[in-house]
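One structure is given here, and the rest of the page talks about it.
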Amino acid sequence: MVKIEKKLHKPLWLKIKLPSSDYKIKVIKKTMNKSSLYTICEEACCPNLAECFNNGTATFMILGNICTRRCPFCNVAHGRPLIPDIHEPEKLAETITNMGLRYVVITSVNRDDLYDGGAQHFVDCIRAIRAKNSATRIEVLVPDFRGHMKTALEILNTSPPDVFNHNIENVPRLYRHIRPGADYHRSLKLLKKFKEYNPSLPTKSGLMMGLGETREEIIEVMRDLRQHNVTMLTLGQYLQPSSNHLPVQRYITPQEFNEMKLESLAMGFTYAACGPFVRSSYHADLQNKGIEVK
């Protein structure tokens, strides 16, 4: 449990405007429950849930809803996960067909208990989706495959996604505090290796800001990402899911986010989404088209 010394007052630009009707939100939730599928939107208490669900979109979370790690910023449950559902790829593909989605994002919990970190399940989902929805573009947001990277990449390369995303999350100085069990350089290596195997595919990574990092440290991480051939970047404001999670150290202004976007584009990123509510999967379809998201 994280002890909070002082809670910062949330600025006006972080006030969320809720949709006038929650009908579509209820429909999405009912669809997920009926298919026994999970969304990271719900499990992580994403601030954009109402907007995305109201627009008929969601980020699917495969391999269960229990993570093998316990990161103090994350709201996803942790513990001993269940055996992967072998029917999940087919259920996922069917749901995507029924929802009429043309761009989907698939993520997962960490599965350090599996020999491949869950890579084969990702591939099974990609293949099932493409079999039913050949025109649907697929973005994956993967864990770091700790201890299984070589095996995981070999498996993913048999059916690569259209966009490969792995979030670096924050700066190396804070990793032990923010991402226990993760390694900054391992995450960079994963992104670089996938790009080496698939040079024509976009690689993407994102960071949360407001956890105690400095602007200079964020800039340095951006440089590291470019040096490892990452082409797309997302920067967003960290928001505390509950009083049991890491507190916000600072709220970044919209102007600062705009400045960071200019910095990133000057470094050579082909696309950058930088803003208070930006998450790596937030309007991912628009991000992939190069349309501004913030």
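Each residue, glycine too, has its Cβ placed from N, Cα and C.
The annotation [4Fe-4S] cluster 1 binding site is assigned in Swiss-Prot to Cys41, Cys46, Cys52, Ser281. Per Swiss-Prot, the feature [4Fe-4S] cluster 2 binding site maps to Cys67, Cys71, Cys74; the stated evidence is sequence analysis. For 53-270, the entry in Swiss-Prot reads domain 'Radical SAM core'.
Annotated features taken from Swiss-Prot, shown on the structure.
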{"residue": "Cys41", "record": "[4Fe-4S] cluster 1 binding site", "contacts (Cβ under 8 Å, 6+ apart)": "Asn48, Leu49, Cys52, Phe53, Ala58, Thr59"}
{"residue": "Cys46", "record": "[4Fe-4S] cluster 1 binding site", "contacts (Cβ under 8 Å, 6+ apart)": "Ile40, Cys52, Arg279"}
{"residue": "Cys67", "record": "[4Fe-4S] cluster 2 binding site", "contacts (Cβ under 8 Å, 6+ apart)": "Cys74, Val76, Ala77, His78, Gly79, Pro81, Val109, Asn110"}
{"residue": "Cys71", "record": "[4Fe-4S] cluster 2 binding site", "contacts (Cβ under 8 Å, 6+ apart)": "Ile178, Arg179, Pro180, Gly181, Ala182"}
{"residue": "Ser281", "record": "[4Fe-4S] cluster 1 binding site", "contacts (Cβ under 8 Å, 6+ apart)": "Ile40, Thr59, Val105, Thr107, Glu139, Leu141, Asn165"}
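Sequence-ordered, the extra residues of this chain that approach the [4Fe-4S] cluster 2 site, with Cβ no more than 8 Å from the Cβ center of Cys67, Cys71, Cys74, are Arg69, Arg70, Phe73, Asn75, Val76, His78, Val109, Asn110.
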